[in-house]
Amino acid sequence: MMQVLLVTISLAVFPYQGSSIILESGNVNDYEVVYPQKVTALPKGAVQQPEQKYEDTMQYEFEVNGEPVVLHLEKNKILFSEDYSETHYYPDGREITTNPPVEDHCYYHGRIQNDAHSSASISACNGLKGHFKLRGEMYFIEPLKLSNSEAHAVYKYENIEKEDEIPKMCGVTQTNWESDKPIKKASQLVSTSAQFNKIFIELVIIVDHSMAKKCNSTATNTKIYEIVNSANEIFNPLNIHVTLIGVEFWCDRDLINVTSSADETLNSFGEWRASDLMTRKSHDNALLFTDMRFDLNTLGITFLAGMCQAYRSVEIVQEQGNRNFKTAVIMAHELSHNLGMYHDGKNCICNDSSCVMSPVLSDQPSKLFSNCSIHDYQRYLTRYKPKCIFNPPLRKDIVSPPVCGNEIWEEGEECDCGSPANCQNPCCDAATCKLKPGAECGNGLCCYQCKIKTAGTVCRRARDECDVPEHCTGQSAECPRDQLQQNGKPCQNNRGYCYNGDCPIMRNQCISLFGSRANVAKDSCFQENLKGSYYGYCRKENGRKIPCAPQDVKCGRLFCLNNSPRNKNPCNMHYSCMDQHKGMVDPGTKCEDGKVCNNKRQCVDVNTAYQSTTGFSQI
């Protein structure tokens, strides 16, 4: 078993508390000053690893309000993928992609000793920076910028002065699921990772021109890493793991039209991801960080339940200056919408004054999910079964040295079933993370009773007609990567064509937007898209609604019908001004026999739409 270095750091409290100070998070009106004093103590038998700058586990001892606290930290080993890349562009538009070393990084998660409900997200790159939750209260720690000093400030979130009184909103406007049964009380839905299947979101972040003007700034990278690390810590109770596989910087110009209209920008970003980014880098989800100030005080926006869909698996998040935790909460909020979670209503509760899915960002943002969010998430996984996030990264995709006992099967390990006390795998020796004598395997869909299954055995069944089954190779315990049916294959009794593993048809889009009673409106309703009016158009250019060509009317605005006896207008389906981003026909949707909608809102021949030499759709 690999030995790790245990570090103890004592934080001696300075003999005074400050009344007001300007820190990275803003003007803080009450804080404590502490001095981290690093004490290295190698456990018996441990070996120092000189090539590793940042230890895998660390422990900090300090005082908060005069009481001793022990903070245990463990490196976030799934923060980066092995093929993590960064992309910049030359002024002439040429792309340059590099793979910077990220294995020995300095981002940690943790807990407070003897506090079962505690948590922490810390950067140890230059001093200690981040936050921890102690006895239900959020504290922040960051280095004080004093010469020749190890001084740090510790303060509560409530002591950061508010920037303004204007409510900050999320741009997603849908409300609640049509519930089949009552939502459980919060006491019945205490969120722990053991309740949920582990999922991995392989994320690409795009930094737009407004935020990436200083493209060579190390501070921008640090900001992104801290935000993603904090968002991961928020998702831990739901067993959701966000792995950063790439960052792209739009240094000289934006590659889409980023405007003050959040919904227009979201549409443009989704189209760009489907037609450009997906052809260059395999990933599950893309997120745009921007400094653009959107209309209606919108902080973020996404497509509800869009995860794993080419056009809809995207979010936009407005960065909040140096308040990285606030940005992380917004990021987690929008990703949660993409995972099927709605805004909290008046009956939604968590053990905090507000919850992650509140439609308005609180002065003191919460890290807790409500009973409603847990219900929404469980229901989403059951109904939608998003394929891409159930593919864990391959062992070689997890960076940093392996740690035996963390239940992550990493490069160099034959198995990892957790600690000896908790291991329930009969094939694995928990103390060494090696297979027991006679065992051929200990993990994987192609492993049964410690033996590798024979070649040709189905290890992952096709989920639907736009998926294909995977088979064991007979050489490995791992099931091959999930493959999808060829784009353009007819599906759902010829009502649609497969597109990146989905069968997008208008009926399902109407149901997703308006509930199970909704249906597609009559063909005559789509003639409204010829007008270029408020409710009928094909696309927008510089804020102007462009009418559809006659052959493209079914690729513009989506018209749905509510099959209710009280509904007298067959073309009447209300979209508010904030709903426009979700009222368009999805790319890949069948518009005529043998034709589908492309990203330009054109109804084109299905064979032309899916011609590709790279294996990616050119729709």
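Using N, Cα and C of the backbone, Cβ positions are placed for all residues, glycine too.
The signal peptide annotation in Swiss-Prot covers 1-20.
Per Swiss-Prot, the feature domain 'Peptidase M12B' maps to 199-393.
Taken from Swiss-Prot, the feature N-linked glycosylation site applies to Asn216 (among others), supported by experimental evidence.
Following the DSSP three-state reduction, the secondary structure of Asn257 (N-linked glycosylation site) is coil. Long-range Cβ contacts of Asn257 (N-linked glycosylation site) within its own chain (separation 6+, distance under 8 Å): Glu264, Thr265, Ser268, Asn542. The N-linked glycosylation site feature in Swiss-Prot is assigned to Asn257 (among others); the stated evidence is experimental evidence.
Classification of His343 (Zn(2+) binding site) by DSSP places it in coil, neither helical nor stranded. Residues or ranges marked as Zn(2+) binding site in Swiss-Prot: His333, His337, His343.
According to its DSSP assignment, Asn351 (N-linked glycosylation site) is coil. Every protein chain shown contributes to the tally, and the Cβ of Asn351 (N-linked glycosylation site) ends up with 14 other Cβ atoms within 10 Å. What Swiss-Prot records for Asn351 (among others) is N-linked glycosylation site, and it gives experimental evidence as the kind of evidence.
Per Swiss-Prot, the feature N-linked glycosylation site maps to Asn371 (among others). Within 10 Å of the C-beta of Asn371 (N-linked glycosylation site) we count 22 further C-beta atoms, all protein chains included. According to its DSSP assignment, Asn371 (N-linked glycosylation site) is helical.
Per Swiss-Prot, the feature domain 'Disintegrin' maps to 401-487; the stated evidence is sequence analysis.
Put plainly, the binding-site residues His333, His337, His343 were compared by Cβ crowding within 10 Å, and the winner is His333.
Rounded to a whole number, the distance between the Cα atoms of Asn371 (N-linked glycosylation site) and His333 (Zn(2+) binding site) is 15 Å. In this structure the alpha carbons, written CA, of His337 (Zn(2+) binding site) and Asn371 (N-linked glycosylation site) are 15 Å apart.
Each residue contributes its Cα atom, and for Asn371 (N-linked glycosylation site) and His343 (Zn(2+) binding site) those atoms are 12 Å apart. Sequence-ordered, the extra residues of this chain that approach the Zn(2+) site, with Cβ no more than 8 Å from the Cβ center of His333, His337, His343, are Cys170, Val172, Thr302, Glu334, Ser336, Met341, Tyr342, Val356, Met357, Pro359. Distance noted between the C-alpha atoms of Asn351 (N-linked glycosylation site) and His343 (Zn(2+) binding site) is 17 Å. His337 (Zn(2+) binding site) falls within a helix when secondary structure is assigned with DSSP.
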